[in-house]
Amino acid sequence: MLNSQLLKIAENFGSPVYVYDAEKIAFQYKRLTDAFIEVKHLKINYAVKALSNISVLKYFNILGAGIDTVSIQEVQLGLAAGFLPEQIIFTPNGVSLSEIEEATKLGVQINIDNLSILEQFGTKHPHIPVCIRINPHVMAGGNSNISVGHIDSKFGISIHQIPHLLRIIENTKMNINGIHMHTGSDILDIDVFLYASEILFETAKQFKNLEFIDFGSGFKVPYKIGDIETNIEELGKKLSEKFNSFCKEYGKDLTLAFEPGKFLVSEAGYFLTHVNAVKQTTSTVFAQVDSGFNHLIRPMLYGSHHDIINISNPKGRERFYTVVGYICETDTFGNNRRINEINEGDVLCFKNAGAYCFSMSSNYNSRYRPAEILWHNKKAHLIRQRETFDDILKNQVEIDFKSKEDKVLVG
Ligand SMILES: Cc1ncc(COP(=O)(O)O)c(C=O)c1O
């Protein structure tokens, strides 16, 4: 998107505001499907948790994607966005059996990653097909919080537990129609990912009724110039070859599935803020914006980098700034950044703000969550209103401490 378009949005809709470029989302979706063009049946299930606005989900539906969900509410959101139950996979972790049963009542594909739950589910519902999430114990991801294939991870059924898994299946006579892995986010090394996929293929041979193999996601996107990203085209070529030869050996054309979040929406997102104050201290110059980690938590949570540019003064002299928010706690967005000269009132734009940004936002400090805009067909569409004071009070229950009934309450 052009700076002038973003500036206009900040002018018209105020700040802080999230902006998503639909064209970029479509571009990334096509890049991924093109990379796997050699595979006969490909399914891209967009990971709703990355960015769950209903208009964004509807857009993915138009593109031809399915969705990957991790809570019953995400399943309901997907259905509300117009996805058919068979286009939805439910991949929860640590949820109750009853939540999984609720999802099956809605007709979606379930993915189970726990032997205890699998045994209970298989005993009660042997005829409902289930996908199994395997933990291949391969560290393909970057940050330890988002790397989930390792030995200490809470995710997936360990490959070392396959004999127990097979025993449960034999005893319950349940039907396993899919096998899944997700090694974690930020895959740097394709060979490590391919190695994990070999483990999955080996495991898959033990299941005779498979319809699909789901390789999860975790594709890394660039956050700054020169950053490493997952080479999706190379991965597509190499994994497609392996997948096609596996299908030959298996004797059936299975579906190859992925569930990317970040790859599809990260770079499509821009977060716009106004500068409230420029504050020179003895050690640095702070640019203080009208937001904080309540709206964009990734830098404080993961130490992640978001490029920050001054779209109000793109030709200004470059200076060093520490960009912070207005939360009453340390909320640094970027330390010592080289940015075109910042004046109070300028609009700063945070890049890569599509994935895990709005969806992780909160009302901390009793602030309103931002508005969201979808930039589609060269027009700005408001897809979420900025919250108001009513939203802050909504669901809060006030006690009338002066009423007589209250005396009864305290006995
Ligand atoms: C099971 C599962 N699938 C898919 C994703 C999406 O990962 P990413 O946004 O890195 O593509 C995640 C992310 O945490 C996940 O846990």
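Glycine too: its Cβ is placed from the backbone N, Cα and C atoms.
Please treat TrEMBL annotations as automatic predictions, because they have not gone through curation.
Look at TrEMBL and you will find 18-354 tagged as domain 'Orn/DAP/Arg decarboxylase 2 C-terminal'. What TrEMBL records for 24-266 is domain 'Orn/DAP/Arg decarboxylase 2 N-terminal'. Look at TrEMBL and you will find Lys49 tagged as N6-(pyridoxal phosphate)lysine. Sequence annotations record features per position, and here TrEMBL assigns pyridoxal 5'-phosphate binding site to Gly218, Tyr356. As annotated by TrEMBL, substrate binding site applies to Arg298, Tyr302, Glu329, Tyr356.
The structure, with features from TrEMBL marked on it.
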residue: Lys49; record: N6-(pyridoxal phosphate)lysine; contacts (Cβ under 8 Å, 6+ apart): Thr69, Val70, Glu74, Gly261, Tyr356, Ser359
residue: Arg298; record: substrate binding site; contacts (Cβ under 8 Å, 6+ apart): Ser304, His306, Tyr356, Cys357, Met360
residue: Glu329; record: substrate binding site; contacts (Cβ under 8 Å, 6+ apart): Phe293
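The distance from the Cα of Gly218 (pyridoxal 5'-phosphate binding site) to the Cα of Tyr302 (substrate binding site) comes to 15 Å.
In this structure, the binding-site residues under consideration are Tyr302, Tyr356, and the one with the smallest number of other Cβ atoms within 10 Å of its Cβ is Tyr302.
The 10 Å shell around the Cβ of Gly218 (pyridoxal 5'-phosphate binding site) contains 28 further Cβ atoms across the protein chains shown. Among the binding-site residues Gly218, Arg298, Tyr302, Glu329, Tyr356, the residues whose Cβ sits under 6 Å from any atom of ligand 1 are Gly218.
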